[in-house]
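Engineer: Below is one structure. I have some questions about it.
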Amino acid sequence: MQFNLVFVVAVIGVGMVAADENLMSKLQMALKSMLNENEELQMQSRDTKGQCESDTNKCNNHGTCIEGRWGTYYCKCEMPFRVGIPDSSCYPPPEGKKDLEIEARDSENRCLSDTSNCDGHGICQLSTFGRNERYICFCALGFRNNNYGGCSPYTPREIEFLSYVARDLELEMLTRDSLGRCKSDTHNCDEAGQCVTKTYGRYAGEYICVCNHGYRNNAYGGCSPMTTREIEYLDMLAREEQMQMLVRKYYSLSECSQGTNDCNENGECVEEDGKYWCECGEGYEENEDGGCSPIVTRATEVDDDDFAERKKEIMRQLAEFLQEE
């Protein structure tokens, strides 16, 4: 009925455009108002269908009626039941669907606390990171979460990609270590770490706090306890860092051969878990060929300015060339 009235008003408005432009403008405003009211009615109807009542159980005894952010209520269904139509209550899954697929879609990679369904390659633990607490699989080294809530092995391409990501994590570790320096003659690690000499990176030879497990470097050079959320977040980062180590040591990115000079005389070929890799000496770092190269120092500000000017000149010449074309 509302759409018919809108159509009539629109037709009348079109016929009177030439007579009165002001009237046409008013008709357009009225038309927009009626359309907005119709959209609000549709949204209200849709939201009403998705609500349950807080004082009654309309979730078919297979879920809980929970109050949402805006004062509305909705059904949080138990596994493997799902919210269905027309009353948005909890219904069993359709026939012919695999339990594993239902679990993957409804639980979003969750595992069950009383079962071991991480494919034998992880541990099912309660996660508090994010908006909701839930059980998830913490996969072992070399495995990742899959679409079915378990753990699957990384592919070679995934491992190679993670190796590049982990190199940035090494820079993050250098930055964090430089903020947590200490003095050799004092104990200012807040009794939660050890003040040691740094043997790698830009700050090699300086003293830093190596904090105990569960602590982190603070802005005062000591060690402060991590929060639960920080520990869980760093645990996720550590898995990627472990993957990078796996790549460098087990996938020939940094392998060397014992008894040969594969480290360019600037490092030592060491053995770990049956694999060999280069441990570079002071002032050297690993290169893409698996050997050791001198650490490149940052260019001076004058060199940076000259490079910037040359870059601007090249861009200017390129722009002129494109205009001529």
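In case you wondered, yes, glycine gets a Cβ from its N, Cα and C as well.
The disulfide bond annotation in Swiss-Prot covers Cys52-Cys65, Cys59-Cys75, Cys77-Cys90, Cys111-Cys124, Cys118-Cys137, Cys139-Cys151, Cys182-Cys195, Cys189-Cys209, Cys211-Cys223, Cys256-Cys269, Cys263-Cys278, Cys280-Cys292. For 48-91, the entry in Swiss-Prot reads domain 'EGF-like 1'. Residues or ranges marked as domain 'EGF-like 2' in Swiss-Prot (evidence: sequence analysis): 107-152. Feature annotation from Swiss-Prot assigns domain 'EGF-like 3' to 178-224; the stated evidence is sequence analysis. The domain 'EGF-like 4' annotation in Swiss-Prot covers 252-293 and is backed by sequence analysis. Under the heading signal peptide, Swiss-Prot lists 1-17.
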Engineer: Work through the disulfide-bonded residues one by one (Cys118, Cys182, Cys269, Cys292) and name whichever has its CA nearest to the CA of Cys75 (disulfide bond).
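Structural biologist: The answer is Cys118.
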Engineer: Can you tell me how far the Cα of Cys278 (disulfide bond) sits from the Cα of Cys269 (disulfide bond), in Å?
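Structural biologist: Roughly 5 Å, rounded to the nearest whole number.
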Engineer: Taking only the Cα atoms, work out how far Cys269 (disulfide bond) lies from Cys280 (disulfide bond), in Å, as a whole number.
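Structural biologist: Cα-Cα, rounded: 9 Å.
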Engineer: Around Cys211 (disulfide bond), how many other CB atoms lie within 10 A of its CB?
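Structural biologist: There are 22 such Cβ atoms around Cys211 (disulfide bond).
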Engineer: Across the domain 'EGF-like 2' (107-152), what is the average pLDDT of the model, as a whole number?
Structural biologist: 70
Engineer: Of Cys65, Cys189, Cys195, Cys209, which of the disulfide-bonded residues has the most Cβ neighbours inside 10 Å?
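Structural biologist: Result of the Cβ crowding comparison: Cys209.
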Engineer: Compared by Cα position, which of the disulfide-bonded residues Cys124, Cys211, Cys223 is the closest one to Cys189 (disulfide bond)?
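Structural biologist: It is Cys223, whose Cα lies nearest.
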Engineer: So which disulfide-bonded residues out of Cys77, Cys111, Cys124, Cys139, Cys151 end up within 10 angstroms of Cys118 (disulfide bond), measuring C-alpha to C-alpha?
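Structural biologist: So the list reads Cys111, Cys124, Cys139, Cys151.
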Engineer: Have a look at the disulfide-bonded residues Cys111, Cys139, Cys151, Cys280, Cys292 and say which one has the shortest Cα distance to Cys182 (disulfide bond).
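Structural biologist: Of the disulfide-bonded residues Cys111, Cys139, Cys151, Cys280, Cys292, Cys280 has its Cα closest to that of Cys182 (disulfide bond).
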Engineer: Starting from the Cα of Cys59 (disulfide bond), work out which of the disulfide-bonded residues (Cys65, Cys77, Cys111) are within 10 Å.
Structural biologist: Cys65, Cys77
Engineer: Between the Cα atoms of Cys111 (disulfide bond) and Cys223 (disulfide bond), what distance do you get, rounded to the nearest Å?
Structural biologist: 34
Engineer: Roughly how many Å separate the Cα of Cys151 (disulfide bond) from that of Cys137 (disulfide bond), to the nearest whole number?
Structural biologist: 7
Engineer: Looking at the disulfide-bonded residues Cys111, Cys124, which sits with the largest number of other Cβ atoms within 10 Å of its Cβ?
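Structural biologist: Going through Cys111, Cys124 one by one, the largest Cβ count within 10 Å is at Cys111.
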